[in-house]
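If you check TrEMBL, you get these features:
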type	residues	note
BINDING	GLU83, GLY84, THR85, ARG113, GLN127, GLU131, ARG259, TYR263, TYR264	L-histidine binding site
DOMAIN	1-356	domain 'Aminoacyl-transfer RNA synthetases class-II family profile'
Amino acid sequence: MNYIFKSIKGMHDYLPQDILIWNKIENILKKILYSYSYHEIRFPIVEKTILFQKSIGNTTDIIGKEMYSFYDKKGINITLRPEGTTSCARFVIQNKLLYHQKQKLWYYGPMFRYERPQKGRYRQFYQFGIETFGFSDPEIELELILLINKFFNQLKISKFITLEINSIGSIAERNKYKIKLKKFLKKYINVLDKNYLRKLDQNALRILDSKDQNIQNILLKAPRLIDFINLKSRLCFNKLCNLMDHFNIPYVINYNLIRGLDYYNDIVFEWKTNYLGSKNTICAGGRYNKLINILKGPNIPAAGLAIGMDRLLLLIQSLSIFSKNIIKYDILIFFYEKTLKYNAIFLSEHIRNIIPTLKVLLEFQPIKLKKIFKNINKYYCKIILFVKDINIINVYDIKNKIHEDIKKKNIINKICNILQL
């Protein structure tokens, strides 16, 4: 029996047509980040397990059952990173980037969690993280929100996404609230399943973000976290709301919104969509003022967010935001007969050398011009060049549906005219 090798469950392959869209998304975001003066960093995909245990919280699902942890050959317990903020915090502390200076950073790459795979939730998934350090006022949250809104506007998906915000106070305030919430939920213990009973016992806050409508109906009567937070946190939250109103940013206050990581405090936010089923969060983040100090760094404020690139790709594909006939090449080069093959290779290299920004594909087998025009809609390019003989090239402008014979020496000028270079 022949064994067919397949990818590991929950870890996806992405096809060239997926990557075309993915690259388009990345390029838009990178240009926006550049305009806001954020700098790229890179760090390893593995860290010491204790780093995540210390920062994320022992009662979270991530620490409890989702991490890919193992011992290396020297007996050190290491983990494939389940999220990026903790690694970024370790990075800025270790590299001494926080002393008497502020930082605005971004990173991108795969994260790993051992979850039950389903649409929009994979065991290897990609996140685009944006983190800020040294900014204490809510204007930095405003900047993060403005940045992401600009990103979604340029992707033309803003009307399919809702921004939800909340203030979750400090760890001490959340602990007080947990006692009240737990006491309230115990009245409904008969309707809670094993999973919710476990959450009630370990951390009742984990029930607040339940997707179960029956649970949500119960929570309508529950005490609100916002009523337990201090005046400074409330004023900070109100200031952000006023700033967003000033910039005409639509948002919804969701008093049950929490984050799945214990290091967050005060302002948190999520962008959600109704087009991906239950796994509907596209982007999320908030403030985490204590994380750097928890990891033995200076006592410095911080805020950030992460974009789930897999879910964002799913959303864009489900909405057909980008044409399926997305341009794959700038120029396709064909030739009429075998004797012209090396002329075609020379032409392709000449174009790449003179205009290196263009994507040029050379077909290595001879083809008739008639066959090219018969299949013209399948090529997804801007220009087709057909080498007819040593000195003559037929140029076809796809957009304007114009083709003409051009001397080889004039081909660069012709390409520049068509593409307006």
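Placed from the backbone N, Cα and C atoms, the Cβ positions cover glycine too.
A TrEMBL annotation is a machine prediction, not a hand-curated record.
Computed from a predicted structure; not experimentally measured.
This view paints the features noted in TrEMBL onto the structure.
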residue	record	Cβ within 10 Å
GLU83	L-histidine binding site	19
THR85	L-histidine binding site	25
GLN127	L-histidine binding site	20
ARG259	L-histidine binding site	21
TYR264	L-histidine binding site	24
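Put simply, the two farthest-apart Cα atoms among GLU83, GLY84, THR85, ARG113, GLN127, GLU131, ARG259, TYR263, TYR264, the recorded binders of L-histidine, are 21 Å from each other. Over the domain 'Aminoacyl-transfer RNA synthetases class-II family profile' (1-356) the predicted model carries a mean pLDDT of 90.
In the three-state DSSP classification, TYR264 (L-histidine binding site) falls within coil. Under the three-state DSSP scheme, ARG259 (L-histidine binding site) falls in the coil class.
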